[in-house]
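**Student:** Input: one structure, supplied below.
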Amino acid sequence: MKTNLLDFTLPALTEHFAAMGEKPFRAKQVMRWMHQMGQNDFDAMTDLAKSLRAKLHDTATVTVPSLMLEQASSDGTRKWLLDVGTGNRVETVFIPEDDRGTLCVSSQVGCALECTFCSTGRQGFNRNLSTAEIIGQLWWANKSMGVTPKNERVISNVVMMGMGEPLANYDNVVAAMRIMLDDHGYGLSRRRVTLSTSGLVPAMDRLREDCPVALAVSLHAPNDRIRDEIVPINKKYPLRELLAACERYLEKAPRDFVTFEYVMLDQINDRPEHARELVALVRDVPCKFNLIPFNPFPNSGYGRASNNAVRAFRDILAEAGYITTVRKTRGEDIDAACGQLAGQVQDKTQRKVRWLDKGGSTEAGV
């Protein structure tokens, strides 16, 4: 079987080329061709020796997921549906803003964590994505938008906030982020790569040492009682442990704060008393808040908090001194908004079957 070079960080690719009898600078050349010029044809890598190109043809490939569908929203958001084989598809989303362009990248086919308000979670779980399948999303987005080294950068930020829990696919996600950060890869700064986690505490501690990027935490609740219900991983790593891990992470993080994400669910976690409880909860953690209006999907069982409830919640946090934003709902007309990504998952957990047995809908998130 041929080796997919997209799976390699620069050190790993350098080692691979050394085993082929090639000098280290060849690895840098190939990295730039793959990631900066979006090239997956060895014959087009014209500054490589013909003998090396022949070796690569025989032993290697640059294989990205197959593009199945590209959609553009009326607000400029773009979504790509990528086939990763055996009936599984994942989604990645580009969100343009005045001062930046953010790509939301998936890390798994489905998700095993079963957050109750998330469409991806309802689809069940199949497998982790490979490093090539993760970085291939960035590769495709650049390719689709016509990005070249001579163009102005379009994707300025990457957020690991798509399908899946990134820290549950630790090795492949870290390798992909290292490629994003590498000057011979995508050249992003650590401040511009954000990993979002539901709170896998041991992996957060590993990430602090291995590849500290900006951190976002899917908090969504002001106490363990509510969080146990809507983010079940909280039963294993309760809020006290999660917040302590956030404090430890900030010792080496590129930013001096954690972003807490908080989906606003009507009558569940959106009351003024919840906001005040939240202020008390995070008092020892330098942080910002990102309030996320819930994006309904069929038979989700939840409603979106009212605009008045969101404003009142935001004001309580702001008055306590916390920078608080309310996320704009982007790409809703193409199901690209937060919590709507579902792709196509050949579920190994039977979660979808169990959900249907309870009277759910096969339309959830699709």
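Using the three backbone atoms N, Cα and C, a Cβ is placed for every residue, glycine included.
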**Student:** According to Swiss-Prot, Gly164, Glu165, Ser218, Leu219, His220, Asn295 bind S-adenosyl-L-methionine; which one of Ser144, Ser189, Ser196 is annotated to that same site?
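**Tutor:** Checking Ser144, Ser189, Ser196 against Swiss-Prot: the S-adenosyl-L-methionine site match is Ser196.
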**Student:** List nothing but the largest Cα to Cα distance in Å, as a whole number, among the residues Gly164, Glu165, Ser196, Ser218, Leu219, His220, Asn295 that the record says bind S-adenosyl-L-methionine.
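**Tutor:** Taking every pair of listed residues, the largest Cα separation comes to 19 Å.
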**Student:** By a simple count of other Cβ atoms within 10 Å, which of Cys104, Cys111, Cys115, Cys118, Leu219, the recorded positions in the record, is least packed?
**Tutor:** Cys115
**Student:** Take the Cβ of Ser218 (S-adenosyl-L-methionine binding site) and count every other Cβ within 10 Å, whichever protein chain it belongs to.
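**Tutor:** That number is 23.
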**Student:** For His220 (S-adenosyl-L-methionine binding site), what is the tally of other C-beta atoms lying within 10 angstroms of its C-beta?
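**Tutor:** For His220 (S-adenosyl-L-methionine binding site), the 10 Å Cβ neighbour count is 24.
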**Student:** So, in DSSP terms, is Glu91 (active site, proton acceptor) helix, strand, or coil?
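**Tutor:** For Glu91 (active site, proton acceptor) - judged by DSSP and reduced to three states - the answer is strand.
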**Student:** Report the nearest neighbour of Cys111 ([4Fe-4S] cluster binding site) in space among the recorded positions Glu91, Cys104, Leu219, His220, Asn295, comparing Cα positions.
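**Tutor:** For Cys111 ([4Fe-4S] cluster binding site), the closest Cα among Glu91, Cys104, Leu219, His220, Asn295 is found at Glu91.
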**Student:** Of the binding-site residues Cys118, Ser196, Ser218, His220, which one sits closest to Cys104 (disulfide bond) when you measure Cα to Cα?
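**Tutor:** Smallest Cα separation from Cys104 (disulfide bond) among Cys118, Ser196, Ser218, His220: Ser196.
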